[in-house]
Amino acid sequence: MDLLAQYSDSDGEEKKPPASLPVGAAPKAAARKPIPGVDLALLPAVDAAPEVDTLGQSLVAKWAYNTSEKRILTNPKIEALSKPLKGPIPEGKLTLEESFNNHKMGRVEKAAMSKFAFDEQYLTFHNFGYAANPCRQIPEGQEVLVSGEADHQPGRGIWDKPRRGKRQRIEGPDMEEGKANAESAKWGGFIDGDVVRKQLEVEVKAREEEVARKAEEEKAVEGEERETKERVTSIFHGGKETDYAGRSWIDNKTHITKDVDDKQCFLPKKWVHTWTGHTMGVSKIKWFPKTAHLLLSAGMDGKIMIWDYHNQRKCLRTYFGHDQSVRDIAFTADGRRFYSVSYDKNIQYWDTETGKIIATFTNKKTPFCVSVHPDESQQNVIVTGCSNKKAVQWDSNTCTITQEYDEHMGAVNTVTICEDGKRLLTSSDDKKMFLWEFGIPVVVKHIAEPTMHSIPQIVLSPDQKYVIGQSMDNKIIAYEAFGRFKYIARKTFRGHINAGYAITPGWSADGKWVMSGDADGKLWFWDWAKCKNYRVLKAHDGVCSGALWHPLQTSRVVSCGWDGAIKLWD
């Protein structure tokens, strides 16, 4: 304790170095006072304050605070800057990094900034010449740092859209046009707002001309549709359209109207007659309702032809109304009118006798099938299956859509109206069958199985109790056409090849026989009760696309094929 007391005065204050010492020099050790009875030479020299290396401190301080000096005399490492200071520490300064933070390139401060904010200010400064001031204590009026070469007013960011009337960059032919103008052209393809406004006026004018041109084209199309009724849409091939008694050519003059409910149908054996006239394949044939004295055929050549079944068996009238292949046809209840759908996306409503088009309507989608409501008072109501995955219900009197049945995931192939118009059965490319209440677009029953295939054709039985469908796995399947529409597993007809073709199957008039064409042009006959094949006829050279059993003559069958021929079998 006596030794420590020698380093302080009697008042307890610490000794200060003389004022004459140079800056940065270490003070010398204080002279020790003699102690009676003690040899001071034998005692070790003790200094309470540790030795501090002050070499270069003055130079660092001069470089740090004198910004006019252009030389850097020291380059301390980050370890030296970050370690704690030794010796007297100024108030609030813990490390050299905090003490000497004024550098040659500006004031260095730690700041937490996201990459997005940094990129935004960086790109704004390099594109527009200004950025936000990053200092903590921003002097008044210096919130934005503006470059001396900046040509823009502060306020726009790199993410802001260009304002109208300001300078905008143009490229392409307009850029060359802007360069040609010496007053408004700028470097980099920038032009003034006046030139931009002129360009906008030119573009608006061009747009208005385009809209006017399209409106004229639509008017021309509407005019062509109006002229459709006036132009020749059919050719009558007979001598006179009326006979000596004033009866029309579509009237039945044979008086064969016997019912076959009590008669048995027989399988045909031989080929009797061939109707030729279509230049391409025949896709669909339909009997005249009730009497079946006329036969209507739809061809892939875009023509619809009606044939005389009795007498001379020749073509009576040809209907020209479609530009592409006719997909399906359907008579009204009295046969005076019929509907046709085609790949030209049009639905035509025809007058059978005169051959004139009553109405043409479309939803810009390809219709694959058409069905007429069975009620005689609603013959203007039809349902078409379209390529847009919808079954569309139309009113042919107003040519408007009254309902859409939209649940399928693929194109609707068939539409079958069951239970006297109360139910609607649709099949689609999505390998499903949906049952609907007529007029209500809510599915009543989903018919879908993992083993099911697409069913492109469905035919209702004469007694309307069953439906048969042409399945794409080379078989014909059957369902009930009433109640819960149960699948009848034991009623499966095999043997023919139909995969890939929409071949229309058929029923006999008494419902005891099922028939179908196939891809090889053969005509197959099965027994409905036993599901056994009894006869196969080589009918056509190409695909046999459909077959109809005559409703009055119990052993007569008509078939059609892709060879363009319609054949009668007995």
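The chain as shown is numbered from 1 upward.
Glycine residues also receive a Cβ, built from the backbone N, Cα and C atoms like all the rest.
Record features, source TrEMBL:
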type	residues	note
COILED	197-227	coiled coil
COMPBIAS	150-180	compositional bias 'Basic and acidic residues'
REGION	1-28	region 'Disordered'
REGION	150-181	region 'Disordered'
REPEAT	275-317	repeat 'WD'
REPEAT	319-360	repeat 'WD'
REPEAT	405-437	repeat 'WD'
REPEAT	537-570	repeat 'WD'
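Sequence-distant contacts of the repeat 'WD' (275-317), counting only residues of its own chain at least 6 positions beyond either end whose CB sits under 8 Å from a CB of the stretch, comprise 234-238, 249-250, 252-254, 256-257, 323-335, 338, 340, 342, 344, 350, 352, 355, 504, 542-543, 545-546, 548, 550-552, 558, 560-568.
Outside the repeat 'WD' (319-360), and at least 6 residues removed from its termini, the chain residues within Cβ reach (under 8 Å) are 225, 228-229, 232-236, 241, 248-250, 280, 283-284, 286, 288-291, 294, 296, 298-306, 366-372, 374, 376, 379, 382, 384, 394, 396, 399. Break the repeat 'WD' (405-437) down by DSSP state and the numbers are 0 helix, 19 strand, 14 coil. Mean predicted confidence for the repeat 'WD' (275-317): the pLDDT average there is 92. Across the repeat 'WD' (275-317), DSSP assigns 0 helix, 23 strand, 20 coil.
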